[in-house]
Amino acid sequence: MFSFVDLRLLLLLAATALLTHGQEEGQEEDIPPVTCVQNGLRYYDRDVWKPEACRICVCDNGNVLCDDVICDETKNCPGAQVPPGECCPVCPDGEASPTDQETTGVEGPKGDTGPRGPRGPAGPPGRDGIPGQPGLPGPPGPPGPPGPPGLGGNFAPQMSYGYDEKSTGGISVPGPMGPSGPRGLPGPPGAPGPQGFQGPPGEPGEPGASGPMGPRGPPGPPGKNGDDGEAGKPGRPGERGPPGPQGARGLPGTAGLPGMKGHRGFSGLDGAKGDAGPAGPKGEPGSPGENGAPGQMGPRGLPGERGRPGAPGPAGARGNDGATGAAGPPGPTGPAGPPGFPGAVGAKGEAGPQGARGSEGPQGVRGEPGPPGPAGAAGPAGNPGADGQPGAKGANGAPGIAGAPGFPGARGPSGPQGPSGPPGPKGNSGEPGAPGNKGDTGAKGEPGPTGIQGPPGPAGEEGKRGARGEPGPTGLPGPPGERGGPGSRGFPGADGVAGPKGPAGERGSPGPAGPKGSPGEAGRPGEAGLPGAKGLTGSPGSPGPDGKTGPPGPAGQDGRPGPPGPPGARGQAGVMGFPGPKGAAGEPGKAGERGVPGPPGAVGPAGKDGEAGAQGPPGPAGPAGERGEQGPAGSPGFQGLPGPAGPPGEAGKPGEQGVPGDLGAPGPSGARGERGFPGERGVQGPPGPAGPRGANGAPGNDGAKGDAGAPGAPGSQGAPGLQGMPGERGAAGLPGPKGDRGDAGPKGADGSPGKDGVRGLTGPIGPPGPAGAPGDKGEAGPSGPAGPTGARGAPGDRGEPGPPGPAGFAGPPGADGQPGAKGEPGDAGAKGDAGPPGPAGPTGPPGPIGNVGAPGPKGARGSAGPPGATGFPGAAGRVGPPGPSGNAGPPGPPGPAGKEGGKGARGETGPAGRPGEVGPPGPPGPAGEKGSPGADGPAGAPGTPGPQGIAGQRGVVGLPGQRGERGFPGLPGPSGEPGKQGPSGTSGERGPPGPMGPPGLAGPPGESGREGSPGAEGSPGRDGSPGPKGDRGETGPAGPPGAPGAPGAPGPVGPAGKNGDRGETGPAGPAGPIGPVGARGPAGPQGPRGDKGETGEQGDRGIKGHRGFSGLQGPPGPPGSPGEQGPSGASGPAGPRGPPGSAGSPGKDGLNGLPGPIGPPGPRGRTGDAGPVGPPGPPGPPGPPGPPSGGFDFSFLPQPPQEKAHDGGRYYRADDANVVRDRDLEVDTTLKSLSQQIENIRSPEGSRKNPARTCRDLKMCHSDWKSGEYWIDPNQGCNLDAIKVFCNMETGETCVYPTQPQVAQKNWYISKNPKEKRHVWYGESMTDGFQFEYGGQGSDPADVAIQLTFLRLMSTEASQNITYHCKNSVAYMDQQTGNLKKALLLQGSNEIEIRAEGNSRFTYSVTYDGCTSHTGAWGKTVIEYKTTKTSRLPIIDVAPLDVGAPDQEFGMDIGPVCFL
């Protein structure tokens, strides 16, 4: 078989041949030298230098690329030191290198870094040279002899294939690079070069007189660079330069061919801890643990049936006052009081509102002339005036400017000849004449004398490259060269030992809130509470808690394996693929909402003053000014004589508080007035009785974050979540490593010579090249160490919105954000509950006087004022009070209805009334504004560790994990045999009750609890701020009796009667009907005033008389006694919350709450199964510089600790054929095991290791199997919580047995009062009784409870039988009475009671009834209950009624509960 290894070997050979060929080709071309400049120093291409100790640079094609030196960890060298000028620590000489030892001890902890060593002494300075004359540059020397050809360092071991096994013992390790010495002084100048060649002749100058040779001039500026010469022949390849440092990361090259299979590598360092192996067989049960932490609150159970009535509660608190009764009939009109004394002058009234604008007044008197206005603008030009008279002749003017020269005159005759001038200067050279014909060759002259040697001519242009000279003789050995630059980077060393764990980082800031998590699984049900005292038998009570688990039964034997089943359902979906390419851009989003209006802009600068406008017309008269303040009061004048009565004035301001009158009879109910303004604050009322419990308030602000709780116990393995949706497309990756150097291109055309530019800065790394063709997939390499975290990439393009993710767990509360911009007003919210009163604010400054308010309602009657000073005698009074009643006149016709009176003027605020009784609780006020968050409370005590979470379902295979460190390969051991089933452990003690769980969602309303005892008095509340005016309410109930109605119109005056003797007070006569109001009669003459007679007997009620005139006001009387208690005032604002009342008696068990909110994420689960090997990781960081090229030396690889002497020849795994064979066996075994496991999932066997979900599943997969005991795991996931059940293979029923199926036959209960028969629950109320638990021996009750919950969900019907053994105890039918009054009660698992008669859904049937009478012999009754409401079964308790006497005994057989 052509293996993968062979293929790789072939490909590697091909790659090597190609590369070697490429190197040979590259050597034939001449690559012009390229230089780099850094810090004023010039370096050649491929030069390497270290500008700083920990930085290394290389000249690469004119670019300086620098990188930080990465030091190897010196793990096995505690005293490592950094030599001066070096970057990396090295072992001092005495330390043992790892290669010297064959075994190493356990690695010690990492030592502290040693102190930095002292700097070495500087080298001695060089000798000063003698300054020489500057020599001329010599010609290029002959090329040196060719260096020995070097092989590429990386290929040496592959080309040599072998390895010198003998040399392994002494693999030499190159020492660290020494520090560079100080720069020496300049050396002596070189000797002057030889005479240069004769330069070409210059152009001929003009012939001058030949002067003497001048001194040598200064050198001219350098000429322009000449054109490039033609290419010379290629020189011999130079010696191989020192290797350059690691280049910058190049663009990714195309994938190379796979190399040959390398030698077997050393054993890697210890790998990261492997994934947890498969769960081992169940160990022996441990000793009972301490009580566990309280469990989380369980899920809300189904609502129970109506519970039995509880015992009567204590008397309730006093109820609220009843509603106000209907108004009584109007009382009789009281007598009018005498006129009072004139009151004192009232205080100045409040300023009235501003009056309406008056009509326009007459035009005012003309005003004073205004000040002169500013000058107006220039007016337009006027019309031209008429011509003036001609003026007199003027004086002569000044002479004018000289005129322009005239035209030239005619030419004059020639003048006489002048004398001859001196000779002119020498003319310029004439243009060169045409060249003459070539003359004959002259005779050879005598050699002239040797001239003075001229100065060397200027350097000629560079000649063409001469032909290659013969190699010269070998020169003397040169002086030792300066220290070479660092070599090229070697292969990366093997991974170092993992360093010690770093210190814990600081706590990070809270992350953003995660997405809402998916709902957690239902928590376990809480433990059963202790039995309460037995109350009177009531109507059915709420369901009781689950009973304790009985001791587990012995485990049954595993059944035999069945035949293979039919193919199973389709497997789970595979791992999600990598994200697809980015989709097309989505449609543009909706237009955003309108933004918040911006803040007002700054006020602009004032404009320039405009020009004054024309004077406007006078304006209309202004409105009347405000009324001036009242002047000071004048001194009081003497009382004048009373004047005649004026017309009735407007209603005066309310007088001072009068004496309280007697309480009038209640008048008819008045119309409901509008709601007045809130009165002044009343005196603190006594605290009212505790009101009913309010609705849950809105959740308060989050408190300050408490101290972190103690870490909870680790939860069991949670299920890995479903794989998330593909994330947004990541940013572009880092550039790939530098590709191989390309072949040299053809020579370009000659460019025009440019000037040398200043060297630019190093350019940025180029963009990534195009992706190479995919190489063949290599074998999965060992995992490399995780690279450092990269910088955060730029945000990618926004992807299309994904589907909503699953809800995340609730995140911690974020920090308070900055206040947002003010939003637009929202819709009016629903009326909130009353907030707690805020703290009283500081007293504000007095506000400005407000507008006059609307008149308030009439104030309450004030208390009596102090008696006023006696006034002057008043004016003559009006007519006195009516005389005694005359005889009744005939009833008059009914008068017309009077108009509704106008609203009275606002009274002054009366003093505070007496504290009223506490009114009924007012309606909730509107929600107060949200108070500012309170100061952080003190940190809470650490919470108790949370309970272990339930194991989650197994998640989908995760994405490939990060590449782990390379581990030592261990061969897998053979699978062990499963251990024997351990004996069952003793059941642990019951744990303490758990803490209260988080509040569940509001359940359906429970039945009313018993009345709580009244709470302690609350402290008085502060006033709430007045609420806004409410909407007009609906008509309220009839109010209390109103004030006495207005008196009717006066009747006619009867004749004065005689004064009768004073009779004794007669009994009150019945109230007569109110007669119709008579018409007003004329006033009769006033009779003389008689003596006051004694009160006569009460006559029949007369017709209502006319209204008398008001009498004079009497002097103020003494204060009256307090009136009767008035009706309750309107309910005051809610006071602050009082202190908590004393605890009420416990209410009935409430219904189970709804599931609480999802808890915080559990502790990190166990490491999941190993994922598939990931793709190769990114290239690791560059390794340290390699040794100089030549051969390849493996000595720099750190030798791992080895047990045997290291065998240098076995570097490569493929060299050992046994390993491959073992590996194949291992793969085969794994595949077989996997296929077996998959088969087990598709067709479960019902064994402990491979349980089915239900017996129905087993029946479908294995229809020919017999009924018997099998293992099932309804909640799937880990099979450690599987339970053993009986499977009825005829029907597919799953039957779960009770842990204690029999109740002994004996006397279980003796009643204190045997005649008073009532149902007594066996498990709850009888001594040594227990509630029935299920699941068989050895099973954990909590596991069984969960499994039963799942089993109920997957079933449509449940049934159970119970056999009641009796002696003198009726179980169902009472033979004596023929009825079912004495029948048993059963309690279902949801605490519902199942009876013998009543609602057919909650009644059981009897298949055999042998307990109908008291015969003194044992009998039995078989009870059966079948239901489609699977939550009612299994039965957990039984209550017989006919027990309690000493001769009454019973026992029970509890049958299995079967689900179908």
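Cβ from N, Cα, C; glycine included.
The disulfide bond recorded by Swiss-Prot for CYS1287 joins it to CYS1255 [selected from CYS1255, CYS1366, CYS1411]. The feature region 'Nonhelical region (N-terminal)', as given by Swiss-Prot for the ranges 158-174, 1263-1279, 1314-1330, 1399-1415, sits at 158-174. According to Swiss-Prot, CYS1458 forms a disulfide bond with CYS1295, chosen from CYS1295, CYS1366. Note on ASN1361 (N-linked glycosylation site): other Cβ atoms within 10 Å of its Cβ, all shown chains, come to 18. Secondary structure counts, DSSP: the domain 'VWFC' (34-92) has 0 helix, 27 strand, 32 coil.
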